[in-house]
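> Take a look at the following structure, please.
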Amino acid sequence: MSKRKAPQETLNGGITDMLTELANFEKNVSQAIHKYNAYRKAASVIAKYPHKIKSGAEAKKLPGVGTKIAEKIDEFLATGKLRKLEKIRQDDTSSSINFLTRVSGIGPSAARKFVDEGIKTLEDLRKNEDKLNHHQRIGLKYFGDFEKRIPREEMLQMQDIVLNEVKKVDSEYIATVCGSFRRGAESSGDMDVLLTHPSFTSESTKQPKLLHQVVEQLQKVHFITDTLSKGETKFMGVCQLPSKNDEKEYPHRRIDIRLIPKDQYYCGVLYFTGSDIFNKNMRAHALEKGFTINEYTIRPLGVTGVAGEPLPVDSEKDIFDYIQWKYREPKDRSE
């Protein structure tokens, strides 16, 4: 998944960018995931608010905005900044950890370890490449490219290549590009592809060849340029659109391809399409209706709360129907 969220270009972009920066601090430095989720939810709700927010009290009327966040909004609106963020930015350790986690392959724990060793910048990482694993070296190599958002127009071209090459390998494959792209986003952080084949179910033996032959085909046409990791059901790598004539080169982009059993495919598509907030709301509604949903299955809950056998699913709509929830197109799944 992509490391960076798109900067908010909305009526309340300053507020949402502030909340996103706080969220990243809580995740990468404090490792307080509940606070990270709270800031993310508030930022998401405010981003969709159709009016310019004039006070914390106005923001507090929105779901997910509590007293503490409302107070921060008041401070930001009054001064144009936030003391807590100013402090974080001035703290060398916090800002260095936050920065290093932007390198693909470097999580909060690795970032903290590097900072403890005095490695705080890209230049420091380059001087200490022997301390980096394979994924981190690729992340460093393409740092500038991975920082750039992928415009929707490029994502559509990338999707065409992937879907066409997949069908060349075997016309029975089903592939879906998920993430914010499927929800209609104007830009994406990376490309997330789900793949299945009728011959592969949760009852089958493992079939890594189904994933690997697709990866090899995409390498053959020079779309996939680097491999970060290649397992039996998940490939993580780097791809690049081919240049047309003498046009400038396209940036390298992160791509993940997941092979999913056919009977679990649409639960996977639903989950990886998101958004996170939509998925949480849908899972909560499912529980109220006596079902449990995850990225693999939907199962009925018995009177004791124990989940039963997975229900058959042949489309995303089947999942909505089971829990008696009106079907929502991917573009309507922000919350």
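Every residue gets a Cβ built from N, Cα and C, even glycine.
Keep in mind that what you see is a predicted model, and the values were worked out from it rather than measured.
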> For the dGTP site that Swiss-Prot assigns to SER180, ARG183, GLY189, ASP190, ASP192, which of the candidates ARG137, ARG149 is also assigned?
ARG149
> In Swiss-Prot, the residues ASP190, ASP192 are said to bind Mg(2+) 2. Which of ASP130, ASP145, ASP226, ASP256 is said to bind at that same site?
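Of the residues offered, the record points to ASP256.
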> Quickly, which of LYS35, LYS81, LYS220 does Swiss-Prot have down as ubiquitin cross-link? Just give the residue.
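Matching LYS35, LYS81, LYS220 against Swiss-Prot annotations yields LYS81.
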> Residue list, the region 'DNA-binding' (183-192) vs rest of chain: Cβ under 8 Å, 6 or more residues beyond ends.
1-6, 146, 149-152, 155, 158-159, 162, 177, 239, 253-256, 258, 272-275, 330-331, 333-334
> Cα of ARG152 (omega-N-methylarginine) to Cα of ILE106 (Na(+) 2 binding site): how many Å, rounded?
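Pair distance, Cα basis, whole Å: 27 Å.
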> Kindly state the mean pLDDT of the region 'DNA-binding' (183-192) in the predicted structure.
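94, rounded to a whole number.
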> Helix, strand or coil by DSSP: which one applies to ARG149 (dATP binding site)?
coil
> Cα of ASP192 (dGTP binding site) to Cα of ARG149 (dATP binding site): how many Å, rounded?
14
> Using DSSP and collapsing to three states, where does LYS41 (ubiquitin cross-link) fall: helix, strand or coil?
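Its secondary structure by DSSP: helix.
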